[in-house]
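If you check TrEMBL, you get these features:
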type     : residues                          : note
ACT_SITE : B:191                             : active site, tele-phosphohistidine intermediate
BINDING  : B:293, B:329, B:441, B:442, B:452 : phosphoenolpyruvate binding site
BINDING  : B:418, B:442                      : Mg(2+) binding site
DOMAIN   : B:9-128                           : domain 'Phosphotransferase system enzyme I N-terminal'
DOMAIN   : B:157-226                         : domain 'PEP-utilising enzyme mobile'
DOMAIN   : B:257-520                         : domain 'PEP-utilising enzyme C-terminal'
């Protein structure tokens, strides 16, 4: 199981547009990719709606987990970027 | 207008006239109120397939509409379409169907769970709730075999009626087909109002009795008056709409500068309250700023902003209008508009209390520090003789002391004419300062002794009141005698008909909300200075607001299309 912790880089947080970009990218992998904050219930990265329920604001830490290390790296990088600009 | 004409009233949010048959948006489906296990196991797979097909159909239709739209509208549609296909939503819904729920009930429950979460998160997330509700309604309608809820695509122009419009509804509105919009709910800042403004579609909101109008009923919508009328005379209505369309086109293309038909220059200026507002105003045909309300940076501050902080805010406004006139007004606050760090006395009558220049008595030095900041900003921008005026001046001593403080800082002093005492002794006051600016809202309130906030006193707080016009005339005459400028800032300057009368009385500049500039500018260009002067003389002889308006209209028409409400 690969795991990374990253800081949210989108100024609006993981809101509609950033969440949609992440969900689309996550959908390209077969393996499950999970996101969580502070050890709370993880959500699937393939669902923009579920990502939004995290309520992840700019600057918050998000844990990314998956069997696929490439997937973790890609999704973590997206979370760290400002996707709303 | 014929006998059976009846008007439904709401709040006008986008000016303009439209005349066409009314058409309601398709209603939302009835939603199952609760989620219960109802289906036997054998049919659950088929039910899941039924849901998938419906969700796919909804997403596909939205994506198709996104492809025909463009820009922000297409983005909104794509985002809504993506929600319909969201895997998290799909998983939650299918889980309930697998447990025996109908597809309809599962849709309502699954979306409902997301709505609850988003509302709890608040802020930006809560704004997505309308989109979720929209998706839910579309999927349920599809499952029930009902027409897609939302805006129909009409074959010919219509006036669209709705309870309120969802973002997805407004994304593909075609102004060529949707000539007007009226909603039963919403307000001036609702989504419908914002989109209608962007598209330039005449629009009214909060029309409570809108449901009285049925599909196909031909209506005249007036986005300025905020009315929808049935039973108007067709030929008359159509010619009104045509004239209005020409006028709106002219307003869009008017670039200034302000001048009468015979070429007399009239300064057309903007009212602003901060740098951001000034930069927006600079995009309109404003020749400068006639009123910069400096109180904004004070009203939100917990302690008095330093001179340097103030200077940077004032400098932003100067920078937005380089080389053009900018008139500052010192802090206009009081117990009715309290500044957090000033201890305002407890007053029975705040409008007649410690406000404007009187604030200097309870907070010594506050006005002087504003003048220091302005002098600093002007120096930084290389501006000589920056103009600044004091509000609520009532005595000659106040005017003299203010002028002395300004001149010591190389600023050009003026005063607001709001208290009738200034107008009555206009020559003596003008001798102390460089200019007047008439604040018609407060001058009217103080002349008529009528609270401008009280709706029941609207007939008294009308700048067309003969006594108010007489005081404006006294002030303007003092300007002419001393060859010093007299401007008007306030609602009166934004009324095209009244603007002509003010010019006729001797006013040389008009300052107003940026959106009103072109309308006033166009009107001034259609009349000569002498026509304005003759009309002003005649209006001064009238004895009621009705007579004053009628006289002005008669003498300046047919060129005038007054926006003033009767």
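Just so you know, glycine gets a Cβ as well, placed from its N, Cα and C.
Cα spacing between residue B:293 (phosphoenolpyruvate binding site) and residue B:418 (Mg(2+) binding site): 15 Å, rounded to the nearest whole number. The 10 Å shell around the Cβ of residue B:418 (Mg(2+) binding site) contains 26 further Cβ atoms across the protein chains shown. In the structure as shown, the Cβ atom of residue B:293 (phosphoenolpyruvate binding site) sits within 10 Å of 19 other Cβ atoms. When the alpha carbons of residue B:441 (phosphoenolpyruvate binding site) and residue B:418 (Mg(2+) binding site) are compared, the span between them is 8 angstrom. Put simply, residue B:191 (active site, tele-phosphohistidine intermediate) is 37 Å from residue B:418 (Mg(2+) binding site) when counted between their Cα atoms. If you measure from the Cα atom of the residue listed as 'active site, tele-phosphohistidine intermediate' to that of residue B:452 (phosphoenolpyruvate binding site), you get 30 Å. Listed in sequence order, the residues of the same chain lying 6 or more apart from residue B:329 (phosphoenolpyruvate binding site) and placing their CB within less than 8 Å of its CB are B:291, B:292, B:293, B:294, B:388, B:389, B:390, B:391, B:416, B:437. Maximum intra-site Cα distance, phosphoenolpyruvate binding residues B:293, B:329, B:441, B:442, B:452: 21 Å.
With DSSP states grouped into helix (H, G, I), strand (E, B) and coil, the domain 'PEP-utilising enzyme mobile' (B:157-226) comes out at 16 helix, 19 strand, 35 coil. Per DSSP, the domain 'Phosphotransferase system enzyme I N-terminal' (B:9-128) is made up of 77 helix, 14 strand, 29 coil.
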